[in-house]
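**Student:** Below is one structure. I have some questions about it.
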Amino acid sequence: MSGLKIDYEKCVGCGLCVKSCTSNALEIKDKKALVNEKCVLCGICVDTCPFNAISIEKEQAIDNDLSEYSNIWVFAEQHMGKVLPVAYELLSKGKELSRKKDCKLAAILFGKDMKSEAEKLIAQGADKVFLCEDGRLKHNLDEIYVELFDMLIKKHKPEIFLFGATGFGRSVAPRIAARIRTGLTADCTVLEIDKDTGLLKQTRPAFGGNLMATIICPNHRPQMATVRPGIMPIQEPDPSRSGEIINVSLNENKNSNIDIVEEILAEKAETIADAKIIVSAGRGIGSQKNLALVNRLAESIGGNVGVSRPLVDMGWSEYKHQIGQTGFTVAPDLLITFGISGAIQHLAGISGAKKIIAVNSDPDAPIFSIAHYKIVGDCVEIIKKLITILEK
């Protein structure tokens, strides 16, 4: 069994480990440190102990029978009682993957009073919804969620488990992966099933976005991945679909060590990630003053302005306009780009756009590989002509 091990020959009862523990899992009794059931094996106390009296004893990895694992799961993250759009994106992709695997697709939904949201997940493609409705799940707290996920995974053995790369998804997914001893690929932009092995091919930018890495997890299950919101298209729901809602119970003795004292809702700021029309500029526009033309064009068609990372790095624009792997992921109905060559990290942020019109003076610019319409020419001159036509 895995667990925290205390060497009582070395422990002097100094209490430094107790002060460092964020889970209140340690106490000093009879001048010795004791660990209780609240321990989450985070390892902070191991690093804190100056006497090397604390260690984490890990169980030897067991070679599981991988044939026991089947089906695809999607975590349907909710906020204030509403499932986030990224869950519908993942269900759409999950449905595609499940057809190739000839398996079932399930959604995992936790919260309070979520029955109507569970029905929406079925309409979006889920064959099953594992639903846990409990007041303790109103807030997204890692500690309780991990316990539930751990129980469900060990009982039902999914082969693939997908999460949205939201703030909470990025926090809870690695905790689950560590708990069940499997791999996790973060911030994926492409998910595919290998036709020969049946493994999930998880593609993500690597080395600062300068190349794309495809990662597989051949020896452990489930195969886990997080996907940035806005990457996958959402398919139209089918209200006529039928599916099974499986109610799950939370251990009545399980409570979080965190109490929510007060919630202060920030005013929702409009971001470029939500824009339906975007006019985006890169270094190919020549100079900072030409950004004024880009703004003018965007205003004339009711769009928002986006930029590539170099323009932010040079101080030409603010980060809130930056599109790409290190900026915002966008999925507008229409994206018009001027002077953007199409570095891998930028393309990763616009792959969800429904229609792309690219303008660049270089006929071999990589962005043309994903553009629906390609215009080779002087960006500034084309912007000026478009403004003249539109303002008439």
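Just so you know, glycine gets a Cβ as well, placed from its N, Cα and C.
Keep in mind that TrEMBL annotations are predicted by a computer and have not been checked by a curator.
TrEMBL lists these features:
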type	residues	note
BINDING	R283, 308-309, 322-326, 339-346, N360	FAD binding site
DOMAIN	2-31	domain '4Fe-4S ferredoxin-type'
DOMAIN	32-59	domain '4Fe-4S ferredoxin-type'
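Map the listed features onto the structure and describe their local environment.
**Tutor:** The number of other Cβ atoms within 10 Å of the Cβ belonging to Q325 (FAD binding site), over all protein chains shown, comes to 21.
Looking at the domain '4Fe-4S ferredoxin-type' (2-31) alone, the prediction's average pLDDT is 90.
If one looks beyond the domain '4Fe-4S ferredoxin-type' (32-59) by at least 6 residues along the same chain, the residues whose Cβ comes under 8 Å of a Cβ in the stretch are 1-8, 10-26, 143, 257.
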**Student:** Could you tell me which of these binding-site residues, R283, H346, has the greatest number of Cβ atoms within 10 Å of its own Cβ?
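**Tutor:** The most densely surrounded of these binding-site residues is H346.
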**Student:** Got a sec? Which of these binding-site residues, Q322, I340, A343, has the most Cβ atoms within 10 Å?
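**Tutor:** Answer returned by the neighbour count: I340.
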**Student:** With DSSP helix as H/G/I and strand as E/B, how many residues of the domain '4Fe-4S ferredoxin-type' (32-59) fall in helix, strand and coil?
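**Tutor:** Across the domain '4Fe-4S ferredoxin-type' (32-59), the residues distribute as 5 helix, 8 strand, 15 coil.
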**Student:** Name the secondary structure element type, per DSSP in three states, that contains A343 (FAD binding site).
**Tutor:** coil
**Student:** For Q325 (FAD binding site), which of the three DSSP-derived states applies: helix, strand, or coil?
**Tutor:** coil
